[in-house]
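Trainee: Taken from Swiss-Prot, the feature transmembrane segment covers 9-29, 36-56, 80-100, 108-128, 135-155, 163-183, 209-229, 230-250, 265-285, and the record attributes it to sequence analysis.
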Amino acid sequence: MSLKHFIQITKPGIIFGNVLSVAGGFFLASKGNIDFGVFLAAVIGTSLVVASGCVFNNCIDRDIDQRMERTRNRVLVQGLVSLKLALLYATILGVAGVALLYTEANPLAALFAVIGFVIYVGLYSLYLKRRSVHGTLVGSLSGAMPPVIGYCAVTNSFDFAALTLLVMFSLWQMPHSYAIAIFRFNDYRAAKIPVLPVKRGILVTKRHIMLYILAFLVATLMLTVGGYAGLNYLAVAAGMGMYWLYMAWKGYKAVDDTVWARKLFVFSIFTITALSVMMSVDFQVTKELLVTYAF
């Protein structure tokens, strides 16, 4: 047991991805008027809650991870950290994260962190992941919470932009997750996890991917239509979304579904990263805020 093992069970890669989306939501709401104290609270608080959820997920999925090639060497599967200690660690991380958001951001940001945690750990990890093909859809809601937390940390309100972020990031999760399920098909089948490719086939999954990317593309444009993001953001969102849709369409003619799915997965990360960056820098400044800057 070492510090490295405690870091590994928090899934740092997932935390980093969520930091980008928290920052995107925060800077979109800030419109250039940044409170760095609140920003740090939003980023660190969300990271702690996400880390907590990942540790709990590792605890819950020990039996599944034993049956999957890519996860059978995880820390808890190998017994490098005890279950009791991991559960205590996860609890401390979660409580600390929510407390930080509540005290240094606002109660609404903390509430969305709790909602995301409950969905991911309670609904998805404990129940739906093992029992329903719709587990991915429910789990996508938890993955969409970080940008909403970042946004609400600034505004302390759930408005059209916050709703758009929730819808955008939920829709993005679906083709992203389905791509993983395709190129990790054998692992999911061996672990008896009822993801869409395993339950209904890869062709059906490709159709779902197309529909979700199309819906995601439309949702991304709503930030500009609603007056929250600028035209540069719109251009990037439209371009990335349409190319992602084109890549999905090419899947119908793919010779190797595994190779195609990996490419689709990688581009999904590029897409959401680009949009998080663009909404951070190409926001719409209201007349009221311009007056604030002027004086």
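Using the three backbone atoms N, Cα and C, a Cβ is placed for every residue, glycine included.
Tell me about the surroundings of these features in the structure.
Mentor: Cβ atoms under 8 Å from those of the transmembrane segment (163-183) belong to residues 21, 25, 28, 136-137, 139-141, 143-148, 151, 195-198, 202, 205, 208-209, 212-213, 215-216, 219-220, 222-223, 226, 228, 244, 248, 257-258, 260-262, 264-265, 268-269, 271-272, 275 of the same chain, restricted to positions at least 6 beyond its ends.
Within the same chain, residues 28, 160-161, 164-165, 167-168, 171-172, 174-175, 178-179, 237-238, 241-242, 244-245, 248-249, 251, 264, 275, 278-279, 282-284 sit at least 6 positions outside the transmembrane segment (209-229) and bring their C-beta atoms closer than 8 Å to a C-beta of that stretch.
The list of residues near the transmembrane segment (230-250) in space but at least 6 beyond its ends in sequence, with Cβ under 8 angstroms from a Cβ of it, reads 175, 206, 209-210, 213-214, 216-217, 220-221, 223-224, 260, 263-264, 267-268, 270-271, 274-275, 278-279, 282-284.
Through the fold, the transmembrane segment (265-285) approaches residues 17, 20-21, 23-28, 30-32, 147, 168-169, 172, 175-176, 179-180, 183, 220, 223-224, 227-233, 236-237, 240-241, 243-244, 247, 293 of its own chain, all at least 6 residues removed from its boundaries and within a Cβ separation under 8 Å.
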Trainee: Find the member of 36-56, 80-100, 135-155 that has more C-beta pairs under 8 Å to the transmembrane segment (9-29) than any other listed stretch.
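Mentor: The stretch with the most contacts is 135-155.
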